[in-house]
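Colleague: Okay, handing you the structure first.
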């Protein structure tokens with residue numbers, strides 16, 4: 001995969017170098033900081049679009065609840081339960097780790113973390129523009145430690161998984177039902193059409209709608225890459241071995257096996273990376289103000305986290321081939337406003353579809369990455385508000401909740417990881433030839 005991307009003046013090699021040497025090592029470090037590793041999510045919201053077709057029963061999808069004493073009841077906003085200050089004893093920790101076989105979402109937190117969340121809640125503002133947010137006061141919402149629950153292949157696939165992606169593409173990408181996506185297993189067979197009619201249709205769209213499709217395709221490609229790179233290779237005596245699966249990568253992305261679709265998907269991944277990179281460079285002034293803390297209650301750690309974040313922002317600004325979003329929604333004011341609203345509502349719908357994902361681990365990461373992209377779009381459409389932020393007081397015009405900040409950084413971290421993993425697969429493919 002080489003050369004210049006469509007719809008922007010940026011080449012793939014420049015992104016590879018920039019990501020590998022500047023962004024990837026720093027974003028990895030940032031994701032390990034306490035502020036960014038805990039994400040609140042409700043994995044029990046019902047699917048709003050169709051009757052639930054059953055949750056994935058594979059153990060890597062499964063959420064095994066920890067002992068009651070470990071569930072952080074004290075951080076559930078609006079709950080009358082008081083959290084216990086009883087120290088974590090090692091027996092309970094062992095029970096919890098035993099319960100969390102492989103992929104179970106691990107919702108254990110130290111008491112220190114629970115205390116921090118009470119303070120974090122005061123910093124949050126519940127307003128959001130592009131995503132359907134979980135109700136954080138719901139008793140079903142829980143904080144998850146993302147480091148203990150890495151995104152990887154769980155075995156969740158088939159009709160249930162395809163139904164989710166199909167709903168996203170067919171109903172939310174401005175696409176008429178008469179135009180079929182290439183390699184869609186749910187589409188009727190069409191003889192010799194290798195998707196050319198689809199790409200003719202796509203080229204005929206306005207830039208904004210074309211961008212929307214590319215963002216969703218890029219997100220899909222990125223998630224597929226994570227699953228190929230962190231695959232269950234073997235499980236002997238209950239000891240799983242995870243790693244890159246070249247065969248699976250080839251099946252999903254090889255030009256011949258995918259009839260040319262694979263490289264297109266990967267180009268869309270790079271395009272999505274550029275969009276989120278642009279959002280990070282645009283939102284820097286919001287975080288550069290002294291009034292914004294990445295507040296955990298640990299002053300030393302908070303200062304270090306903010307310094308690392310600002311360092312990443314400096315890098316994003318130094319990149320010389322940004323996507324220029326000014327060309328979007330630039331028509332007549334009335335038409336642009338209505339298109340932007342349509343854009344927002346389509347994206348909001350996609351965030352709701354994530355509640356239809358049958359595998360809890362996939363749902364967790366799907367919701368987080370969707371919210372991260374939604375936050376990036378919110379930033380790109382709020383440039384004037386960000387530029388006019390007051391230095392020493394919270395802004396009313398533009399606000400990010402902690403939830404949005406955590407999603408934004410972790411979603412971009414996933415894209416950065418995808419592009420890094422792509423380099424690894426290039427090497428592995430050369431070795432197997």
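Cβ atoms here come from the backbone N, Cα and C positions, even for glycine.
Please treat TrEMBL annotations as automatic predictions, because they have not gone through curation.
Since the structure is predicted, the reported quantities are computational estimates derived from the model, not experimental observations.
TrEMBL lists 359 with the feature active site, nucleophile. TrEMBL lists 362 with the feature active site. Taken from TrEMBL, the feature FAD binding site applies to 152, 154, 165, 217, 220, 252. Residues or ranges marked as disulfide bond in TrEMBL: 56-61, 96-131, 359-362.
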Colleague: Out of 152, 154, 165, 252, point to the one nearest residue 359 (active site, nucleophile) in space (Cα versus Cα); all of them are binding-site residues in the record.
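Modeller: Minimum Cα distance from residue 359 (active site, nucleophile) across 152, 154, 165, 252 lands on 154.
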Colleague: Counting across all protein chains present, how many other Cβ atoms fall within 10 Å of the Cβ of residue 359 (active site, nucleophile)?
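Modeller: The answer is 25.
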Colleague: Please find which two of 152, 154, 165, 217, 220, 252 have the most distant C-alpha atoms, given that the record lists them as binding FAD, and give only that distance in angstrom, rounded to a whole number.
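Modeller: Farthest-apart Cα atoms in 152, 154, 165, 217, 220, 252 are separated by 21 Å.
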Colleague: Tell me the Cβ contacts of residue 217 (FAD binding site) under 8 Å, same chain only and six or more apart in sequence, or just say none.
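Modeller: Result: 264, 265, 268.
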Colleague: Between residue 362 (active site) and residue 152 (FAD binding site), find the distance joining the two CA atoms and give it rounded to the nearest Å.
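Modeller: Residue 362 (active site) to residue 152 (FAD binding site), Cα-Cα distance: 8 Å.
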Colleague: Have a look at the binding-site residues (152, 220, 252) and report the one with the fewest Cβ neighbours inside 10 Å.
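Modeller: Sparsest of the binding-site residues 152, 220, 252 by Cβ contacts within 10 Å: 220.
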Colleague: For the recorded positions listed here (154, 165, 362), which one has the lowest count of neighbouring CB atoms within 10 Å of its own CB?
Modeller: 165
